[in-house]
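One structure is given below, represented as structure tokens, and several questions about it will come after.
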Amino acid sequence: MFLYNLTLQRATGISFAIHGNFSGTKQQEIVVSRGKILELLRPDPNTGKVHTLLTVEVFGVIRSLMAFRLTGGTKDYIVVGSDSGRIVILEYQPSKNMFEKIHQETFGKSGCRRIVPGQFLAVDPKGRAVMISAIEKQKLVYILNRDAAARLTISSPLEAHKANTLVYHVVGVDVGFENPMFACLEMDYEEADNDPTGEAAANTQQTLTFYELDLGLNHVVRKYSEPLEEHGNFLITVPGGSDGPSGVLICSENYITYKNFGDQPDIRCPIPRRRNDLDDPERGMIFVCSATHKTKSMFFFLAQTEQGDIFKITLETDEDMVTEIRLKYFDTVPVAAAMCVLKTGFLFVASEFGNHYLYQIAHLGDDDEEPEFSSAMPLEEGDTFFFQPRPLKNLVLVDELDSLSPILFCQIADLANEDTPQLYVACGRGPRSSLRVLRHGLEVSEMAVSELPGNPNAVWTVRRHIEDEFDAYIIVSFVNATLVLSIGETVEEVTDSGFLGTTPTLSCSLLGDDALVQVYPDGIRHIRADKRVNEWKTPGKKTIVKCAVNQRQVVIALTGGELVYFEMDPSGQLNEYTERKEMSADVVCMSLANVPPGEQRSRFLAVGLVDNTVRIISLDPSDCLQPLSMQALPAQPESLCIVEMGGTEKQDELGERGSIGFLYLNIGLQNGVLLRTVLDPVTGDLSDTRTRYLGSRPVKLFRVRMQGQEAVLAMSSRSWLSYSYQSRFHLTPLSYETLEFASGFASEQCPEGIVAISTNTLRILALEKLGAVFNQVAFPLQYTPRKFVIHPESNNLIIIETDHNAYTEATKAQRKQQMAEEMVEAAGEDERELAAEMAAAFLNENLPESIFGAPKAGNGQWASVIRVMNPIQGNTLDLVQLEQNEAAFSVAVCRFSNTGEDWYVLVGVAKDLILSPRSVAGGFVYTYKLVNNGEKLEFLHKTPVEEVPAAIAPFQGRVLIGVGKLLRVYDLGKKKLLRKCENKHIANYISGIQTIGHRVIVSDVQESFIWVRYKRNENQLIIFADDTYPRWVTTASLLDYDTVAGADKFGNICVVRLPPNTNDEVDEDPTGNKALWDRGLLNGASQKAEVIMNYHVGETVLSLQKTTLIPGGSESLVYTTLSGGIGILVPFTSHEDHDFFQHVEMHLRSEHPPLCGRDHLSFRSYYFPVKNVIDGDLCEQFNSMEPNKQKNVSEELDRTPPEVSKKLEDIRTRYAF
């Protein structure tokens, strides 16, 4: 078995975010890392929408990311620390839309090791040097400079190693143009290591160490080191030189401290806490991330606590000495992994979990009522300040980037009866969790919908003048009339436009600079800017059946297949070409391309005929109306559309930006198939046809504009958009009802919209999330969802949600009540009334936990609910709250053979589980009966067990439960579940159970799979085979009777199969005659499974399912990852295909090595050598390579570049999208 890996949705969780001017213009951009992906985002300063410019897989782990700019430069570069053992400097090239690797310096081994640098990066604020550090011992400094041609140069590394030292954080200190300086949080463990009593370990202090790079001596000196009172977790650089006092802020538990060289005394300020917080008051508070904003006249920091509260931090200075730190509560946003304050006044928040946000900073919070806390305020040691959290005041949310991270569980099923299956994804963490329903398609936002007096048959938009940015009219054609609407603040009917209203319209367009043309069955109407009208009438009894129009040309087809061609002359007059062309059959459809910039006309006309052919006809004056080429079609054409797509932006001599693309002829057939063919711009030849089935109706095509480029809207029983995005073609369905006719639409509110008709309504639509594979509907949940099952009859979901370090609703209410009573008791006689009012206000206050976070209850505190949800509407049908410290870990829905048709839900619950050091007071299996057509849970009984029941699976009318490391069969009893049989030989802890026939495949938490056979006659569970590798299995899926696919904690997927000669009729040998080694107890079972495939995904996979994703497609193995990625593994059906893709992968490894310097083969073999899997993500980078490299690779394969692209596209569309 050979598999091909494809990513459907890239990871969405963000681990690092940096901002700068990476394209060299004044625009602010953000570069984010998503594990093994680098992405460049650009927030639009006018609309606030975030656009993705570029996404690159780096096939390595990005451990750190920094932006820097050389002194006096205008462009920011990106430094990447990864697991490749190399430092890489990247530059963004806007003309090619790619990251270019400028430098790659090797300094150590690959992999995330503790003494190989790459974990921390720090840059001198003036861009003169960069320090790259490991977690332990090694630090290297590189000097950055320019050569004579103004190219960036990098020195050889200077060492600043210190053995036996752990590093917690590194930053560059702003010292102006003095010698560059770096500050590190370090801890020396040498004494602690050598002291057997443990005293030294208890007394070890963290130190703040400054390293200076002496540019004169080309040497790094350890300048200064001092011990810290509290344990710091990160550092913030304070602007220096002419901008500020320099130095660093140390964020530590409960305190923020300012430190600098020389006479500067330490200034420290406690971190304010929330008033009346339900958290444990003994728990420390830390800052988790920060952002700095600096202008010529001032600077401030925004720092976020682990509850999500942002504080604005300012420093008061007296000359060059800092005298106080001031903190002011700013706003509360979800806890972030990184924050960026952009110069355009935006705050980008990359959330740790869940969606990411872009906020506009509306106020700086200087002049409001909020109290300001200062280091100068007197406080007792151990006391702190208190503040009151509130909804957003200084920030305004302008955009939200959907993120599925973390996906904890996923099932694929067509519960909504839509033919195409939906993905039901349990994602998020704590109160920000959600169940999301993903459907393949682009999200459509409805701008306006209005009823029309009848059912129209077509719609167009036209501009009044070629220079206009927005459309002026919408023209709607009915069976016997034409309606003209003007576009302004509102859309209203106009009568003086010059259009003929008493006839249907076949087409209309802007002609020349400022004239309009209307083609109707009896003729052509040319309306000049001064409302003069020229008419051309059809000869005799003939009428116009089809037409094609662009800015300068009109072609019409009369009944009987006669073509008449008109072209506009320089005076703006429409002139008929002297000859007419008789076609051999009736014309069904026609298309002209837009006139290319700087040319007189479009050279080609495409005509589709009844005889199942498309013909390309020249419109060049030298051979006008001569046929150039022809393509036979599998069915009759319905519509044609010539577009220029896939262009790269180029600047001409005058600095005008234009794009040079390829001409594509799109052909929509009557059988619902879309063909895309390349049209040669010189000869008119047609080549390289791609085919996709779109739906059951004939396909109509319309040209629209998306992100400044031409795109094609194709309408069948579903509407599809074909567009080029990040140098790849996408053909994606719209998640919207069926449309009948459409046209591009541009107005002030909606610069790139679509106007469309559906039955008797006119709709204005916008597509904002181009490039998105899925559109999603999210239903909020209360705690982190762990698993869910689908009730087969009602299609409802039964979800278990469990959170550690959390209170149940009942405990929360009880704690609040208790705190309110304490408030009243603590008040003196005269303050009783006020205290009672405050207590009442506190009890009524309800800040949403999805924004303000849930209170942290402490270790060993658990909260759980069991929820029954309707997956289509998303409403909760039933909710069972478990008691405090009961944690639900497993759920199953099953029938028992002795109870007939009733369905039961079993939930495995742990009691008082402490994770480290692990201890548990036991567990329960709750049994519920599903009543009310699967909408309500009726409690039957609970069965006590000794350990955590972490896996439950229905099995032959009974149920299998993994209790710790015991595998048991239970049956339903009146008072509890009855134990029928057990096996004690599983190694550690059962994390999953799959069943097929009499076989049971058990996943162990760290010992891979164990095959068990149930013998009904002897009522025994007998182990007959296992795996030879230790795998920390997270999820598994059966592929057939002998084969199982599994994923582990470290990001690998494997497929394991039992050899054909495996015998599962083994006995436990009650006689004892068998030799000891035959039993195989020393090294597991006597029979071993074979590994068929191994592959390192690079993200922890938490669900696997064998399913089909598109109607009529083949089966594939779909996986989802903790980082929010969704991918598939698909089997090759022929040896030729496998051989071809193996060669593509081999050539790309050498021709197009990964961006951050990691070797592709060793990345995919991180833990086990990659076996029988070809990496489709690498193969698909073929399309983004430079044309000459594409040519070299395809020549090696004896193909042309379009043929290779077509193979890549075909394998993707056969299984997915």
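Using N, Cα and C of the backbone, Cβ positions are placed for all residues, glycine too.
A quick note: this is a predicted structure, and the numbers were derived from the prediction, not measured.
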Given the ranges 193-231, 505-543, 1051-1089, which one is assigned the annotation region 'Interaction with SF3B1 and SF3B5' in Swiss-Prot?
193-231
Among 478-499, 1006-1027, 1028-1049, 1160-1181, indicate the range for which Swiss-Prot gives the feature region 'Interaction with SF3B1'.
1028-1049
Which one of these stretches, 254-272, 425-443, 691-709, 786-804, shows up in Swiss-Prot as region 'Interaction with SF3B1 and SF3B5'?
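From Swiss-Prot, the annotated region 'Interaction with SF3B1 and SF3B5' range turns out to be 786-804.
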Starting from the Cβ of GLY284 (site 'Interaction with SF3B5'), draw a 10 Å sphere and report how many other Cβ atoms land inside it.
12
Between the recorded positions ASN988, THR1200, where is the Cβ count within 10 Å the lowest?
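Across ASN988, THR1200, these recorded positions, the one with fewest Cβ atoms within 10 Å is ASN988.
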Roughly how many angstrom lie between the C-alpha atoms of ASN988 (site 'Interaction with SF3B1') and GLU352 (site 'Interaction with SF3B5')?
32
Write out the long-range same-chain contacts of GLU306 (site 'Interaction with SF3B5'), meaning residues 6 or more apart in sequence whose Cβ is under 8 Å from its Cβ.
MET285, ILE286, PHE287, VAL288, VAL335
Name the one residue among GLY284, ARG429, LYS1171 whose Cα is closest in three-dimensional space to that of GLU352 (site 'Interaction with SF3B5'); these are the recorded sites.
ARG429
Looking only at the region 'Interaction with SF3B5' (1100-1123), report the model's average pLDDT.
95
Let's check the environment of ARG429 (site 'Interaction with SF3B5'): how many other CB atoms sit within 10 Å of its CB?
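Summing over all protein chains shown, ARG429 (site 'Interaction with SF3B5') has 18 other Cβ atoms within 10 Å.
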Counting Cβ neighbours within 10 Å across all chains shown, tell me which of the recorded sites GLU352, LYS1171 comes out on top.
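Of the recorded sites GLU352, LYS1171, the most buried by Cβ count within 10 Å is GLU352.
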If H, G and I count as helix, E and B as strand, and all else as coil, what does DSSP give for ASN988 (site 'Interaction with SF3B1')?
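In three-state terms, ASN988 (site 'Interaction with SF3B1') counts as coil.
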